[in-house]
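Asks: OK, Swiss-Prot features for this one:
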- 70-93: transmembrane segment (TRANSMEM)
- 156-179: transmembrane segment (TRANSMEM)
- 195-219: transmembrane segment (TRANSMEM)
- 291-309: transmembrane segment (TRANSMEM)
- 346-369: transmembrane segment (TRANSMEM)
- 385-411: transmembrane segment (TRANSMEM)
- 433-455: transmembrane segment (TRANSMEM)
- 531-549: transmembrane segment (TRANSMEM)
- C573, C582: [4Fe-4S] cluster binding site (BINDING)
- 589-610: transmembrane segment (TRANSMEM)
- 664-686: transmembrane segment (TRANSMEM)
- H675: chlorophyll a' binding site (BINDING)
- M683, Y691: chlorophyll a binding site (BINDING)
- W692: phylloquinone binding site (BINDING)
- 724-744: transmembrane segment (TRANSMEM)
Amino acid sequence: MIIRSPEPEVKILVDRDPVKTSFEEWARPGHFSRTIAKGPDTTTWIWNLHADAHDFDSHTSDLEEISRKIFSAHFGQLSIIFLWLSGMYFHGARFSNYEAWLSDPTHIGPSAQVVWPIVGQEILNGDVGGGFRGIQITSGFFQIWRASGITSELQLYCTAIGALVFAALMLFAGWFHYHKAAPKLAWFQDVESMLNHHLAGLLGLGSLSWAGHQVHVSLPINQFLNAGVDPKEIPLPHEFILNRDLLAQLYPSFAEGATPFFTLNWSKYAEFLTFRGGLDPVTGGLWLTDIAHHHLAIAILFLIAGHMYKTNWGIGHSLNDILEAHKGPFTGQGHKGLYEILTTSWHAQLSLNLAMLGSLTIVVAHHMYSMPPYPYLATDYGTQLSLFTHHMWIGGFLIVGAAAHAAIFMVRDYDPTTRYNDLLDRVLRHRDAIISHLNWVCIFLGFHSFGLYIHNDTMSALGRPQDMFSDTAIQLQPVFAQWIQNTHTLAPGATAPGATASTSLTWGGGDLVAVGGKVALLPIPLGTADFLVHHIHAFTIHVTVLILLKGVLFARSSRLIPDKANLGFRFPCDGPGRGGTCQVSAWDHVFLGLFWMYNSISVVIFHFSWKMQSDVWGTISDQGVVTHITGGNFAQSSITINGWLRDFLWAQASQVIQSYGSSLSAYGLLFLGAHFVWAFSLMFLFSGRGYWQELIESIVWAHNKLKVAPATQPRALSIVQGRAVGVTHYLLGGIATTWAFFLARIIAVG
């Protein structure tokens, strides 16, 4: 007799019609909170409404309901993303010079916006080449479209309409999965199933379908474009997909179909799945055949990864078991209990995801210029600078967000009674040692990194160049970085025998790729100047980490306020009668961390902008002589603070300051306006609440005199609200100022 284990019952994972659909809620602002729903007595009401509208934790303590709201909101977010994408593609279809750019990407600039003449704004429509007048864009969309095989504005139209359909679909899904079929909590907590689906589905099949698109559509179309064939003559994407003979003309192995795959004769496919390294000399981008190969390989990895976790079949990893077993000799209980944390606290989960995604975004920023993935991206200096800056800012914000949600987790979701001697508990128990050591590191880095600059400024002022730290006097070469560069340069034929060139031209070697007389990429030399500024990077990053980590580790308690957890994530002070306890909440640490994040990223993007203009970007003559935009002045000028002020900020601001009366004048106005927004922030940051309350009361008195006083009492912003408004305008003003400064400069000279 065979004894079988009983078949697992099929679990019903959704509730039907849990929340009725009604528009009545929309007419009641603050319906999620009893106090706010009563309506405004004072102007504080509108601030509380904004602060709490998306704080689902404060609406209910039911984890299932919170999870459903987050899940539904994600579909809304996706809908907005599709809507935005549709707008980008529609602009490409309706207002752009894409087809002209496609025919001559080296002499024609990308533009997808033509300004209407109302009171003279048409001055902004600059001549981007090919007889087209419009605003030069630096988003990189044209390069992506070419890489994906889009050859006409009609195709952009169709894609834009497709994205709108998807936006509507996402909007519907958000409604459906909250009001009609809402998942149960168990579904949100089914980690193994989620991993399998996300790894195999999103990343595995996603990469596989992109690889398929690249092989069947992008590669043949780009091969024709590179050979100078008129885009109108090139067969349409569906013709390549449906007609194998067309592909076989370009890649003969296509005639054999899938036979080489099943007979393990994979080298047959080396025509379109390559491992070359380096850049395509025609377009200055990575070889598209390398990119297709990469996506195929990634797809295989993720498809395997998506079959590793135990679900309905009793085979595979259990995440809980992995975490429970994760104990080292010095880590006590290790990761015991982490599984419960990550399945019951979405803040903890989000914190990890933000930290990893933020780091990844910064990695993307560094790869976009060193391994430019799209055709003609590397020679479009404005786009290169924009993409680097954009990804650095986004990465910085995501990492601060990681600290914010880690602190919210500590305050709202951490239960000290059930956590003993696991890794988190052990970190919390020696937090004083961590923070004081980190503080020492920050002081060391700060004094030494700035000390090197100040030494140079002093020696320069005294006329003693021989006593400066520079490549021509006292050298401080970044020997470790140079060793890494050299190792990568020598890799082809040695540690990477299959590759014909190293992963990036920036590592070294004699290669230079120029397209249409412009430098795409060349080896980037590192010297004393880079050594100095890298230590400023180390300093600013460590200070950011110090502030954020202190906020997380002291979110629940500190010697100053032992019961901090009871006060919540954000509070102004520990009540009246306890002086010196203001601005210690976890929220305030995020607030301060944002300023240092801004410092960190600013130094990075300034370094990048100047270094590339000095040592990489420029033109190449017929004799092969390279002339860089700023003539290689980085190595000698950036080693003093005065050099940064004079030869970078001041010298390169001339384009934005003198932009009036030209097509770049919008950047001049933005530069001015964003400085104003930034200065406006200081009013909120340097002034106390009482000052404004007194002022408001005089103004209210005047209104009462004239019998025009409003029913809703005006109130000064609370301390936290004032700081929030301040930091928002500080960052917005600073980022927009930098944006105007960079773009006016690089569009004028690049």
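Every residue gets a Cβ built from N, Cα and C, even glycine.
Note that the structure is a prediction, hence the values are computed from the model and not measured.
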Asks: In the structure shown, with every protein chain counted, which of the binding-site residues Y691, W692 has the densest set of Cβ atoms within 10 angstroms of its Cβ?
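Replies: Ranked by Cβ atoms within 10 Å, first place goes to W692.
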Asks: Compile a sequence-ordered list of residues in the same chain as C582 ([4Fe-4S] cluster binding site), six or more apart from it, whose Cβ lies below 8 A from its Cβ; state 'none' when nothing qualifies.
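Replies: When sequence neighbours closer than 6 are ignored, C582 ([4Fe-4S] cluster binding site) has P572, C573, I719 within Cβ distance under 8 Å.
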Asks: When DSSP states are folded down to helix, strand and coil, where does C573 ([4Fe-4S] cluster binding site) land?
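Replies: Coil, per DSSP.
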Asks: Could you check whether the transmembrane segment (589-610) and the transmembrane segment (433-455) come into contact, where contact means at least 3 Cβ pairs under 8 Å with the two residues of each pair 6 or more apart in sequence?
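Replies: These two segments do not touch.
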Asks: Among 156-179, 385-411, 531-549, 724-744, point out the range having the most Cβ pairs under 8 angstroms from the transmembrane segment (433-455).
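Replies: Result: 531-549.
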Asks: Count, for each of the binding-site residues C573, M683, the other C-beta atoms lying within 10 angstroms of its own C-beta, and report the residue with the smallest count.
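Replies: Output over binding-site residues C573, M683: least Cβ neighbours within 10 Å is M683.
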Asks: By Cβ distance under 8 Å, which residues at least 6 away from the ends of the transmembrane segment (531-549) in the same chain are close to it?
Replies: 399-400, 403, 434-435, 438-439, 441-442, 445-446, 448-450, 452-453, 469, 476-478, 481, 589-590, 592-593, 596-597, 599-600, 603-604, 607, 638-639
Asks: What's the CA-CA gap between Y691 (chlorophyll a binding site) and H675 (chlorophyll a' binding site) in angstrom, rounded?
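Replies: Pair distance, Cα basis, whole Å: 24 Å.
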Asks: Short question: which residues 6 or more past the ends of the transmembrane segment (156-179) have a Cβ under 8 Å from it?
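Replies: Same-chain contacts beyond the flanks: 17-21, 68-69, 71-76, 78-80, 82-83, 85-87, 89-90, 92-94, 98, 145, 150.
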Asks: Indicate whether C582 ([4Fe-4S] cluster binding site) is helix, strand or coil by DSSP.
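Replies: Going by the DSSP assignment, C582 ([4Fe-4S] cluster binding site) belongs to neither helix nor strand, so it counts as coil.
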Asks: Do any residues of this chain, six or more beyond the ends of the transmembrane segment (291-309), have a C-beta under 8 angstroms from a C-beta of it, and if so which?
Replies: 191-193, 195-201, 203-208, 210-211, 214-215, 218-219, 272-275, 316-319, 373
Asks: To see if you understand the setup: which same-chain residues, six or more apart in sequence, place their Cβ under 8 Å from that of H675 (chlorophyll a' binding site)?
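Replies: Expected: G733, T737.
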Asks: Could you state the whole-number distance in Å separating the C-alpha atoms of M683 (chlorophyll a binding site) and W692 (phylloquinone binding site)?
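Replies: Each residue's Cα considered, M683 (chlorophyll a binding site) and W692 (phylloquinone binding site) end up 11 Å apart.
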Asks: Can you tell me which parts of the same chain pack against the transmembrane segment (70-93), counting only residues 6+ beyond its ends and a CB-CB cutoff under 8 A?
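Replies: Apart from its flanks, the transmembrane segment (70-93) reaches 54, 56, 112-113, 139, 141-142, 145, 153-154, 156-157, 159-161, 163-164, 166-168, 170-171, 173-175, 177-178, 183, 188, 346.
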Asks: Can you name the far-off residues of the same chain, 6+ from the ends of the transmembrane segment (724-744), with a Cβ under 8 Å from a Cβ of it?
Replies: 138, 382, 385-386, 389, 393, 591, 594-595, 598, 602, 605, 609, 652-653, 655-656, 659, 664, 667-668, 670-671, 673-685, 717
